Amino acid sequence: MAQFFQAKPNKSKQLSAKLSLSVTQLDHLGAGIAQHQGKIVFIPGVLPGETATVQFVEQKKSYAKAKLISIESASVNRIKPHCPHYQQCGGCDLQHMDTNAQREHKQTALVDLISKLSSAKAIDADIVADPIVGEAWHYRRRARLATLFDKNTQRLQLGFRAGNSNKIVSIQQCPVLSESLSALITPLAANLNQLKAKASLGHVELTQADNGNFAVLRVTKVLPASDIRWLTGFAEKHQLNLLLQDDAGQLTQLFPLLPAGDEAIALPYYHLAQEAVRCSFTPGNFVQVNGAINQAMVDQAIEWLDPQSGERILDLFCGVGNFSLPLALKAAEVIGVEGVPEMVQQAKQNAIDNQLDNVTFYHADLSADLSTQTWLGKIDKLLLDPARAGAFESLQWLQKMQPKKVVYVSCNPASLARDSSVLLASGYRIAQVGLVDMFPQTHHIEAMVLFELNI
C-alpha cells in the first residue's frame, strides 16, 4: 500500500487559536464545559449559558483545556467578584458566580457524581436534603499565610499562594476570612517587616477561636530579643494570642505572658453550643474552617445517625473529637479512632475537659484492618469523616461489621461516590444525601450521606 507524507498538525497554531464556544454546564471542579469538534473543552471562569472567546492551553485525544479570553454573552448568574486579588490568589475560584447559583451547582454536581460513579441508581429527589448553608463572606476562622523574603528589596511578602503555583500574592485583606482576621493582615505584614530577622520567618497561621484571635509564626532561627519585644508589643496592641513555632514543631507563647514557671500554653477552642461541648486544638490539628457550618453539620450528623442510649458508635477519622464528643452525650459509648497521634492526645484531653467518661480515643493506621482489635467490639452505628482520599481501605472491613446506620461526611465527592459503591454492594441503601456549603466562593464540595442497612 502506497504511503504518502502527511504534515502533522501544528500544535502551536492549535493552541494559539482563539474561538467562540458555548458553555453548557460546570464540572464538579467548577470549570465550564463546552464542545468543539467532538471534544469536551474545560474552561475555568465561565458559567453555563455563556458564550465566550477562549484559547486552548492543552489538547488531549478526548478533551482539551482552554483559558477564558472574554465573555461574549454573560449569564444572569455572573456577578462582579468582591476581592481585588481574585484570579491571582489561588484561594477562591467561583466569586464570579452568584452564591445561590453556586449552591445549586454544587448540589447538582454532588448528586450526579454519586449517581454516575457509584453503583447507585438515580438519586430520588425526596432523599436529597436541603443544603446546609450560611454566610457567603467572612466565614473562615482559620488561614495560613505564606511568606517570602526578597533579598533584593529586603522586604517580606505576606499573602496566599497563586493558583497552581508557589508564587505568593501579597494581600491586604480577604473577604472570605473572618473580619477580625482579615483586618490583621495589613498591620501584621507591616510589623513583620520591622523585624531584624525577617528572613528567618516562615508561614503565619491565623485562627479566630471562641477565646480570641491566635497567630502562630513559624521561625527557622531563634529571634533576637529586640524582635521578640517588637512582636510582643504588636500582639498586646491587637490583643492577639501570639506563639512562635520552631522547625521541630515546639511552641513558645509570646503573648499573653505566662506566669513564671508555667509552661502550659493557651490553646484555641470552639464551642458546639447546641451540644454544650468545648473542643480545644493546637496548631497543626485539623478543624473545620467554617465554624457556623460545622455546628450545623454536627447537628445534622447526630440527627441522621440518631444515637440511642444503649448503642456503641464508632467515629473513624475522629480528629480532636468534633463528632465524638457530642455523640457521647447521647450514646452509651463512643469509640474515636484517628491516624494522627497528636490529635488523639488532644481528643482525650477534650473528653476530660468536657467530663465525658463514655468516649475513648485510639491511635491507629486507618488503612489497616482494625476489625480484630479487642477494643472495637460490636458497633451499632458508624460515622466517617475522612480526608480527600476517602475511606476505601477502611470500608473493606467496616462493611463486614454491618452497623445499622452509616453517616459519611466527605470533602471530596469523587472519593465519596467510589466509597458509596462498597456500602451499596454490602446491603446498604442511600437514605439521605445533602450538600454542606462549607466553602462558599470556591468549587470545593463538602457533603453528607446517610446509609442504612437493608434488613
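Keep in mind that glycine also has a Cβ here, set from the backbone N, Cα and C atoms.
Lifted from Swiss-Prot, the feature list:
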- CYS411: active site, nucleophile (ACT_SITE)
- CYS83, CYS89, CYS92, CYS174: [4Fe-4S] cluster binding site (BINDING)
- GLN288, PHE317, ASN322, GLU338, ASP365, ASP385: S-adenosyl-L-methionine binding site (BINDING)
- 12-70: domain 'TRAM' (DOMAIN)
Measuring Cα to Cα, how far is ASP365 (S-adenosyl-L-methionine binding site) from CYS411 (active site, nucleophile) in Å?
20
Relative to the Cβ of ASN322 (S-adenosyl-L-methionine binding site), which residues of the same chain, six or more apart in sequence, are found under 8 Å away?
LEU272, CYS279, VAL287, GLN288, ASN294, VAL298, ASP385
Helix, strand and coil counts within the domain 'TRAM' (12-70) (DSSP):
5 helix, 34 strand, 20 coil
Residues other than CYS83, CYS89, CYS92, CYS174 within 8 Å, Cβ to Cβ centroid, of the [4Fe-4S] cluster site?
HIS85, TYR86, GLY91, GLN95, PHE160, ILE171, PRO175, VAL176, GLN441
DSSP secondary structure for ASP365 (S-adenosyl-L-methionine binding site), reduced to helix/strand/coil, please.
coil
Alpha-carbon spacing, GLU338 (S-adenosyl-L-methionine binding site) to CYS83 ([4Fe-4S] cluster binding site), which is rounded to whole Å:
37
Can you give the mean pLDDT for the domain 'TRAM' (12-70), rounded to a whole number?
93
Whole-number Å value for how far CYS411 (active site, nucleophile) lies from CYS83 ([4Fe-4S] cluster binding site) (Cα to Cα):
24
Rounded to the nearest angstrom, how far is the Cα of PHE317 (S-adenosyl-L-methionine binding site) from the Cα of CYS92 ([4Fe-4S] cluster binding site)?
27
How far is it from CYS89 ([4Fe-4S] cluster binding site) to the residue listed as 'active site, nucleophile', counting Cα to Cα, in Å?
21
To the nearest whole angstrom, what is the C-alpha distance linking CYS411 (active site, nucleophile) and PHE317 (S-adenosyl-L-methionine binding site)?
13
Could you state the whole-number distance in Å separating the C-alpha atoms of PHE317 (S-adenosyl-L-methionine binding site) and CYS174 ([4Fe-4S] cluster binding site)?
30
